[in-house]
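Copied over from TrEMBL:
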SIGNAL    1-27  signal peptide
DOMAIN    34-166  domain 'CAND6/7 N-terminal'
DOMAIN    183-426  domain 'GOST seven transmembrane'
TRANSMEM  185-204  transmembrane segment
TRANSMEM  216-235  transmembrane segment
TRANSMEM  255-278  transmembrane segment
TRANSMEM  290-309  transmembrane segment
TRANSMEM  321-344  transmembrane segment
TRANSMEM  365-386  transmembrane segment
TRANSMEM  398-419  transmembrane segment
């Protein structure tokens, strides 16, 4: 009995880890096939329900095959589990008592745990292994939908279709989680922001300061256009998922522009760090190698993100794809900082020989500010935003999306303002009266990272 209770506790802990790895996402209609799958638990989706929530599950062709004795049908089934109940089950699981030494009909099986909400088991299937039913969710909370296989050495084959949604007052279905409902409007708002941003930037680069604009400034225009198209596709993707449960092809555009804006963003950061086109018309070999590394890494990261987003945690290897995305994204963030460091060291060395202390000091100051802001932006969007997704109540998951977009707009405003085309910007500001003070500052301040 103690062994069975320990096994149940370990299984619940594994479910907690799986739930933590699952990013809050739109519970669009999912359909997946499983063939000879022997996993003890399969996480399908996590969804925030209102008081009028429903889970619809349709199973076809379900069958089991075992190397041992034939398993009982009630050892296989679907259940819902809230985060609150999950942690209660892990930390507050009551021990057996003399009056009730074996309260569970199937000890060690999560389906018999008092903390889960069982939906149905294979005992409810018809003779062909089919079953379809819609279950109401009357207690609002964020639930994870699991399939449990409590029979050792037993594999399951089945096709599963899942619909998780809330209903509006008029009876229409809303396939977005409660905390994701404002997301389409958020992306639509920032689409307008980037459209205005792009119009102002094109006016500056193509009209007002056309003669001072360099190739990097036109690439920055492409970055704004890509970000705007990304927000448009994200807004449409989430909108159609909300009303129909499927993205109607907008997911393809979403992942395409996610790739384009990611590649251009990291390329712009790396090229600004090298001073390309406005400080020097060429790239050194080591700077070219950075771009040759960053661009393929971004492609790989976006492929992993597409696999994670379009499949789900029920896919074998889903955690591996998450790890690939995390590793590649961190590698990109580190790689783009090298050109900034190299430029700062090069400027520091050249200040000893070129005799232009004021200009060098201005460049060093600008590069250091850029370096600090890039680190802050990457830290915020990779760590703080993820923390917001994890710790905020499920009703306010949209806050992490809004925070990421606000941080991105703020970063773009800083970067585009500091490196805007101008006849006399901080790169070329040289005042003879400030030369002596700049030389003193360069001697006293090392500008080391």
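Positions of Cβ are set from backbone N, Cα and C atoms, glycine also.
Here the structure is a predicted model, which means the values were calculated and not measured.
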Inset, instruction - Tell me, roughly as an integer, the mean pLDDT over the domain 'CAND6/7 N-terminal' (34-166). - result: 82
Inset, instruction - Considering only the recorded stretches 255-278, 321-344, 398-419, state which has the highest number of Cβ pairs under 8 Å to the transmembrane segment (185-204). - result: 398-419
Legend entry - Beyond the flanks of the transmembrane segment (290-309) by 6 or more, those residues with Cβ under 8 Å of it: 23, 25, 251, 255, 258-259, 262-263, 266-267, 270-271, 283, 315, 318, 321-322, 324-325, 328-329, 331-332, 335-336, 338-339
Legend entry - Listed stretch, out of 216-235, 255-278, 365-386, 398-419, that has the most CB pairs under 8 angstroms to the transmembrane segment (321-344): 255-278
